[in-house]
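K.L.:
Questions regarding the structure given below will be posed in turn.
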Amino acid sequence: MTPPDKAATRRRPRTSGKLRAVALMLPPALILFSLFVIAPLLNAGYYSLFHWNGYGTPQDFVGLRNYERAFDHSIFWVSVRNTVVLLLVSIFIQMPIALALALAIYRKTPTNAVFRLIFFLPFILAEIAAGLIWSFVFDGNTGLVAEITQALGIPPVFILSNRDWAFYAICLVVVWKYFGFHMMIYIAALQAVPSELIEAARIEGAKRWAVIRHVLIPHIRPAIVVSGFFAVIGSLQLFDLVIPLTNGGPSNQTHTIVSYLYTFGLTRLNIGYGSAVGVILFVAAVIVAVLYQWQLNRERAK
Amino acid sequence: MSRSNFLLGLAKVVVLLLCAGFVLGPIIATVLGGFKSTGDLRTNPLGLPKVRETQFYLDLITDPAFWRYMGNSLVISLAAVGLTLIVAAAAAYVFAQIRFFGSRFLLSYLLLGLVFPFATAILPLFITVRDLGLLDTYWAVILPQAAFGLSLAILLFKTFFDQLPRELFEAAYVEGCGYIRFFWRFTLPLSTPILATVGVFVFVQSWNNFLLPLIVLNSREVFTWPLGMMQFRGEYLTEWNRTLAFISLTLVPAIVFFLAAQRYIVAGLTGGAVKG
């Protein structure tokens, strides 16, 4: 039994130690995060109500005019359309390819390990490097495309300068760069499927395809939802690849929302306007996050 | 049955090899392209070089600007990793170890960064960095980079710290060890796997980052390598071989690093995602 006064002296340093730990260890994170993440975000909302070039303090209050201007700007809608195209390509082309490859090589064998490394390789390269590599491949004078046109004896094709096709070329690069990431998510999930489950299905006479459809895929649904979320968020943020490939051209036809924001907001010092586009992007991201959380809860409830 | 199995296996291998060719082709063409003369590159973009020109690689390796770009990136990435790890681990430790009024609210606040893309606040961030007088300094990249990495780092650290045995702390406390000492002496050393995972993750993000340095760095003295490479590309627009050599030289550290740290990279990029 501890005498009461001794218990009290024990508790006091503990509480003050707690206070000191909280007071010393938490503020750095709070300050850093508030200053460089939350404050800029709130400022984006504030600046978006002004016509402002970034110098002095914002004074020319324009209400929601910046938002109206964005919604009236045809290039803004081009960037939205491109983002939607990218999203559809990611979900309906990239993810199925990644899933098929994951099913082909998820088992732990040395050959599979090599293929896994190769497929994952583009993901670790910098977007800027990947973009430059592909702008070389697509170059009508020197690249792969040049090799093909030379072999066919037709004049050189510059796909990245083609208004109609340039963005699909960017989509191809996106698939090249990111399918390995999605594949790895599926592989991690597939390896966690209990092998007894697969064995049991086999013993009951299920064919390979039936095992995939009725055992493996239902089991990794949560992983597919996660990878879908990353595909959507990634599409909303794409920027680094666009700059070396097309820089948004020809005639602004290949902008994504972020490259639009950068080109029409920062390089022209329309801080107010760019902030409004940033807020629109933020709203889109929040909607995606809410839908994702909702879907995730539904998955868990199953 | 066995014959159709064999055909299926063969088809699988062919498809896998085609995919591997699609993935590796552009990369190999890039590395080889750095060895080709301009004429060779025009007539024979993808094959082996007719004459191996080592000049473009040598020019770069002896160019102090190239090494300055790489050095800048290295300093910035390492500092971002160090700052993220220490600040996030300290905060996560408080949330895992100490109950206090408002802790749940503060945790949710710090996790807000998981939701929205970096780019949404990029213009106000530029203004903040400028008003702090940090433009064209390493800090202009390090501080926002660490700040944006905090949410995920805190989430992963807190999950890990929650699983450390509580009895350890009780025992250490009886021995007179306070919260902060316990953090340094026990929590951090016990958490090396998660520290490595988050560290590698932040390093790769920072090393590859383009948008943030692009808006806050204007002077070539402080350029990171992605900025330097775009600058270089602009200067030698018609000489693809020089740019290809530049890209190839930056691929080397990326691939070496990837092979060395692949366990942590894969765990950090996919494991965290699957659990999240």
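Each Cβ is built from the backbone N, Cα and C atoms, and glycine gets one as well.
Just so you know, TrEMBL annotations are computer predictions that nobody has curated.
Quick paste of what TrEMBL says about this protein:
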DOMAIN    A:80-292  domain 'ABC transmembrane type-1'
TRANSMEM  A:21-42  transmembrane segment
TRANSMEM  A:84-106  transmembrane segment
TRANSMEM  A:113-137  transmembrane segment
TRANSMEM  A:165-189  transmembrane segment
TRANSMEM  A:223-243  transmembrane segment
TRANSMEM  A:271-292  transmembrane segment
K.L.:
What else in the chain is close to the transmembrane segment (A:223-243), if you only count residues 6 or more beyond its ends and a Cβ gap under 8 Å?
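P.N.:
Same-chain contacts beyond the ends: 83, 86-87, 90-91, 94-95, 98-99, 126-128, 130-131, 170, 173-174, 177-178, 181-182, 185-186, 188-189, 217, 254-259, 262, 281, 284-285, 288, 292, 295-296, 299.
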K.L.:
Quickly jot the same-chain residues contacting the transmembrane segment (A:84-106) by Cβ under 8 Å, restricted to those at least six beyond its ends, or write none.
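P.N.:
Same-chain contacts beyond the flanks: 112, 115-116, 119, 167-168, 170-171, 174-175, 178-180, 182-184, 186-187, 190-191, 212, 216-217, 224, 227-228, 231-232, 234-236, 238, 256.
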K.L.:
What same-chain residues lie close to the transmembrane segment (A:21-42): Cβ under 8 Å, and 6 or more beyond its ends?
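P.N.:
Residues 282 contact the transmembrane segment (A:21-42) from elsewhere in the chain.
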